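I have placed the structure first, in the form of structure tokens, so that the comments after it can refer back to it.
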Ligand code: ADP
């Protein structure tokens, strides 16, 4: 029995290595807390990379609240074939795989215990057919959990991007997420601040609502900044997040030069 399990894990690890060898760069996007806009950042970054002509995939591992398919308006179920599970493709060609696509109903709560979550992550890594893509973005659950651990132990990530909003910046939980990546030898690329400012709808003037934009925080440099914008929540609800225009050139250059 035990040797069967060992054999299974060995084969699974070989499959993961084979799948990952076809992917250019593997970048994880994490946050300390939920609801700060991590999935928005993942979606906007994927869309920006796609607009630069890159082939991009997103693996949504945020089992606590998987919103990626909703933001891209994807309702189709993934198709399984002899070579593995095929991701669903968005309007702009982003390959998307999410735990929520396996749920009968998007509102269903997913209550998983640690062991099963870790197992599901490994299975996703081993079975999803990404083929040759330039970037795979991993949307992580908030905080530190078995998902992060399983991911970082199974594959060599090229970088970790931290998402915060100004209100939760000081939270020790953000520091914990950063420390975990560092302990597992994953390079922390920097911080993306969501809801960092607002623009006046009348004159377009940028309002620094929280009065702390642009500085280095938690010892990390700010590599991107996103306004509070009703257009973002509207496009998320309509499943058209790909249509939002954002300047992520700084992050793009950073990623290209890893
Ligand atoms: P997380 O992944 O951190 O849990 P999400 O990215 O799913 O958070 O964001 C939650 C919701 O908050 C989104 O569906 C969107 O409606 C809203 N939201 C996030 N960022 C912004 C923003 N910059 N402006 C307006 N609404 C936002």
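Cβ coordinates come from backbone N, Cα and C, glycine included.
Whatever TrEMBL says is automated annotation, not expert-curated.
For 32, 33, 34, 35, 36, 37, 38, 39, the entry in TrEMBL reads ATP binding site.
Overlay of TrEMBL annotations on the structure.
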residue : record           : contacts (Cβ under 8 Å, 6+ apart)
35      : ATP binding site : none
37      : ATP binding site : 163, 165, 194, 195, 226
38      : ATP binding site : 29, 30, 31, 62, 139, 140, 142, 163
39      : ATP binding site : 60, 62, 67, 68, 71, 139
Out of the binding-site residues I have (32, 33, 34, 39), which ones have their Cβ sitting under 6 Å from ligand 1?
34, 39
What does DSSP assign residue 38 (ATP binding site), in three states?
helix
Which entry in the list of binding-site residues, 32, 34, has its Cβ near the fewest other Cβ atoms, using 10 Å as the limit?
34
So if I draw a 10 Å sphere around the Cβ of residue 36 (ATP binding site), how many other Cβ atoms end up inside it?
25
I'd like the number of other C-beta atoms within 10 A of the C-beta of residue 33 (ATP binding site), please.
17
